[in-house]
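Structure, as C-alpha cells:
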Amino acid sequence: MVSEKARKIIHIDMDAFYASVEQRDFPELRGKALAVGGSPDGRGVVATASYEARKFGVRSAMSSRQALQLCLHLLFTRPRFDVYREVSHQIRAIFKRYTDLIEPLSLDEAYLDVTEDKQGIGSAIEIAKAIKAAIRDELGLTASAGVSTNKFIAKIASDYQKPDGLTFIGPSKIVPFLEQLPIDKFFGVGKVTAQKMKSMGIHTGKELKEFTENELIRRFGKSGKFFYHMVRGEDNRPVKPNRIVKSIGIEDTFETDLKEEQEMLKELRVLCEKLEKRLEGKAKQGRTVTLKIKFANFTQITRSKTSVFYLNTAEDIFQQITDLFSKANMKDKRVRLLGVTISNFYDTELEKLNNPQLRLF
Ligand code: DCP
Ligand code: MG
C-alpha cells in the first residue's frame with residue numbers, strides 16, 4: 001500500500017460559545033450559571049449554558065423549564081447573533097494567519113489543514129497553541145483544539161478536554177483510541193444507528209472492527225462502508241475551504257414507526273425548531289422548503305415548495321411543511337423517518353450574482 005503523506009489537521013471549537021461571549025461582555029454574569037436562549041418563565045429552549053450551569057446538568061436544546069428544575073438560580077439572557085457572527089469573523093481572521101485551508105462548520109467551529117502552514121512553524125501542536133493564545137489575548141475567550149491526521153479524529157480530540165483543552169492524537173495512538181471509543185461518539189452514528197449497533201453487540205470501536213466491510217454494508221448500506229474505514233482511522237475527507245452551503249436539512253428516524261398524522265406533525269414541528277437553530281447559527285435564510293417522508297417499507301417521497309419570501313423561523317417553515325404534508329397521501333401509511341430541508345439561500349443567490357462562474361445554469 002502506498003501511504004500518503006500524513007496531513008496535519010486541527011479542529012477548533014469555542015467553549016460554551018454564546019455564554020462565554022455574554023460573560024465576557026457583561027462582567028456581572030461571570031462565574032454565574034447562565035443560559036443563553038430560553039426564559040425564566042419556563043418557555044423556550046436553552047441554546048447553550050455556561051460551564052457553571054453545566055455542573056447542574058443544564059445543556060443545549062433543553063427546555064427552560066427543565067433547566068430551571070435542575071438549577072434554580074439559573075440566569076437567562078437573550079442571544080445576540082450579530083455579536084456571535086462578529087466574533088466568528090474574528091476567529092477566522094486568526095486562523096488565516098496560519099492557513100487558507102479553513103472549513104467552518106458553524107459560527108464557533110472549524111477545521112484547519114496546516115500540513116503546509118503560512119509561517120513555516122511546522123508543528124500543528126504549536127500552531128494550535130498559538131491560535132488558542134490569540135483567541136484568549138485578543139478576544140478574551142477560550143477555545144478547545146484537537147490535533148491529528150484526519151478530520152474525524154481531530155474533531156473528537158477537540159472535545160476530549162473541554163474547556164480550554166488541547167488534545168493531540170498522533171498516528172500511533174489513533175487505532176487504540178478508536179478501539180476504546182463508545183460507538184455513539186463515531187461520526188455519522190446517530191441515536192437510531194447506535195441502538196442498532198448495540199443490538200448487534202457493538203458498543204465500542206473494537207467491537208465494530210470485528211465486522212467485515214460487506215457485513216456492515218449489508219446492515220447499514222453506504223454508511224456501513226464509511227464506518228468500516230472510519231474505525232480503522234481512515235478518513236481522507238479533505239478540509240474544504242469556502243464551502244458554499246446550498247441547503248441545510250435535519251431529519252429524524254424514529255425507534256417505532258409513526259402511525260398518527262398528529263404525531264407526525266408534532267415531530268415535524270420539532271424538526272422545524274431544530275432547523276431554526278441551525279439557520280441562526282449559520283445566519284441563513286432560504287426560500288425553498290422540502291419535506292421528506294420515508295415510509296415503513298423504505299420507499300420515500302420528497303415534496304418542495306418555494307416561497308417568494310426568505311424564511312428562517314420555525315413558524316414560517318412549519319407553515320410550508322404543513323401545507324406540503326396536507327397534500328401528501330398519508331392514508332394508512334406508517335412513517336419511519338421525517339426530514340425538513342431549506343435551500344435557495346439568500347447569500348448563495350447573492351454570491352451567484354456576484355460570481356458568474358459559480359452559476360450552475
Ligand atoms: N447552539 C444552539 N443550539 C444547540 C446547540 C448549539 O443554538 N442545540 C449554539 C449555541 C452554542 C453554539 O451553537 O454556543 C456552539 O455550539 P457547541 O455545540 O459548540 O456548544 P458550545 O460552544 O456552547 O459549548 P462547548 O464548550 O461544548 O463547545
Ligand atoms: Mg463550542
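Glycine too: its Cβ is placed from the backbone N, Cα and C atoms.
When TrEMBL is compared with the stretches 146-173, 202-229, 258-285, 286-313, the one noted as coiled coil is 258-285.
Within the same chain, residues 45, 47, 61, 79, 81, 85, 106-107, 245, 248-252, 291, 310-315, 317-318, 321-322, 325, 330, 334-336, 338-340, 342, 345-347 sit at least 6 positions outside the coiled coil (258-285) and bring their C-beta atoms closer than 8 Å to a C-beta of that stretch.
With respect to ligand 2, the recorded positions ASP13, TYR18, ASP108 contribute ASP13, ASP108 as residues with a C-beta closer than 6 angstroms to one of its atoms, given in sequence order.
The recorded positions ASP108, GLU109 differ in how many other CB atoms lie within 10 Å of their CB, and the one with the most is ASP108. Within the set of recorded positions (ASP13, TYR18), the lowest number of other Cβ atoms found within 10 Å of a Cβ is recorded at ASP13.
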